[in-house]
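Just below is one structure, and these are the notes that go with it.
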Amino acid sequence: MAVDMRLPTIRKTVSLSVAAFDRKDLVVPGDVITSDTGFMRGHGTYVDEDKLTASVAGEVQRVDKLICVRPLKTRFNGEVGDVVVGRITEVQQKRWKVETNSRLDSVLLLSSVNLPGGELRRRSAEDELTMREYLQEGDLISAEVQSVFSDGALSLHTRSLKYGKLGQGVLVQLSPSLIKRQKTHFHNLPCGASIILGNNGFVWLYPTPGQQEEEAGGFYTSLEPVSLSDREVISRLRNCLLALSAHKVLLYDTSVLYCYESSLQHQVKDILKPEVMEEIVLLTQQKLLEQEG
């Protein structure tokens with residue numbers, strides 16, 4: 001039986017800016033946000049002796065006169081336009097139930113998906129009977145939040161060829177608060193893999209596809225064997241995501257790519273060792289600060 005033994009190593013000192021540690025917008029429960037009475041109370045706050053106080057640990061967000069605290073650890077609270085990765089949990093009448101890491105299961109209506117072949121017509125009883133041919137329990141999909149119901153449940157749609165059923169790849173489940181909001185959450189990385197950064201904390205890694213058939217309407221999934229080199233790249237990216245998540249680094253295409261480049265001097269299996277993980281993340285943070293500065 002092989003035993004992995006590691007000796008203590010001298011920790012490398014990496015200079016990070018003081019501003020990263022002295023942030024005024026991060027609060028814990030009980031912290032006074034402001035004593036000014038001109039502000040409106042939002043989510044995650046309460047008034048105590050005419051002072052606006054935080055009720056959760058998180059980031060203070062100000063919109064005009066409204067102040068709210070966005071929790072650092074929470075379930076996914078979807079907004080219209082958010083990109084999500086989810087798993088089908090149930091097939092119901094004219095709809096699918098989807099697990100999206102939110103408080104309630106999301107809903108994908110039959111009328112909110114593209115029909116195979118890209119046909120534009122009303123959904124018939126025949127379509128309802130063949131729903132399991134499109135999507136069945138356990139299938140992974142990428143979708144966009146179309147609307148939010150009054151009880152907080154999300155209504156999804158896949159009415160675009162970039163959304164739909166996901167094929168071969170790896171799903172990584174992280175905290176939704178670590179995903180940075182961007183214009184696009186679909187990235188083809190130069191290392192040979194692609195990534196979908198779902199706003200709900202579900203990240204999908206898959207080999208960069210060739211030319212996709214547009215007639216598929218979002219239901220085409222390639223079942224061809226994935227090469228060893230692509231599988232190694234995807235495994236490395238997965239471990240990089242877990243390393244960044246463990247050190248609470250914001251996830252977006254640049255941070256993931258810098259982390260991937262910093263990890264190339266280590267084997268894939270070594271990335272999750274605590275001392276290697278710390279070294280890679282510190283190098284990534286340094287690169288991000290150099291880019292910003």
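Using the three backbone atoms N, Cα and C, a Cβ is placed for every residue, glycine included.
The domain 'Exosome complex component N-terminal' annotation in TrEMBL covers 26-63. The annotation domain 'RRP4 S1' is assigned in TrEMBL to 75-147. If you look up TrEMBL, you'll see 169-208 marked as domain 'K Homology'.
Within the model, the domain 'Exosome complex component N-terminal' (26-63) carries an average pLDDT of 90. Helix, strand and coil content of the domain 'Exosome complex component N-terminal' (26-63), in residues and according to DSSP, is 0 helix, 21 strand, 17 coil. Outside the domain 'K Homology' (169-208), and at least 6 residues removed from its termini, the chain residues within Cβ reach (under 8 Å) are 58, 70-78, 82-86, 100-102, 140, 142, 162, 226-227, 229-230, 233-235, 237-238, 241-242, 244-245, 248-253, 255-257, 260. Sorting each residue of the domain 'K Homology' (169-208) by its DSSP state yields 3 helix, 19 strand, 18 coil. Within the domain 'RRP4 S1' (75-147), the DSSP-based counts of helix, strand and coil residues read 9 helix, 33 strand, 31 coil.
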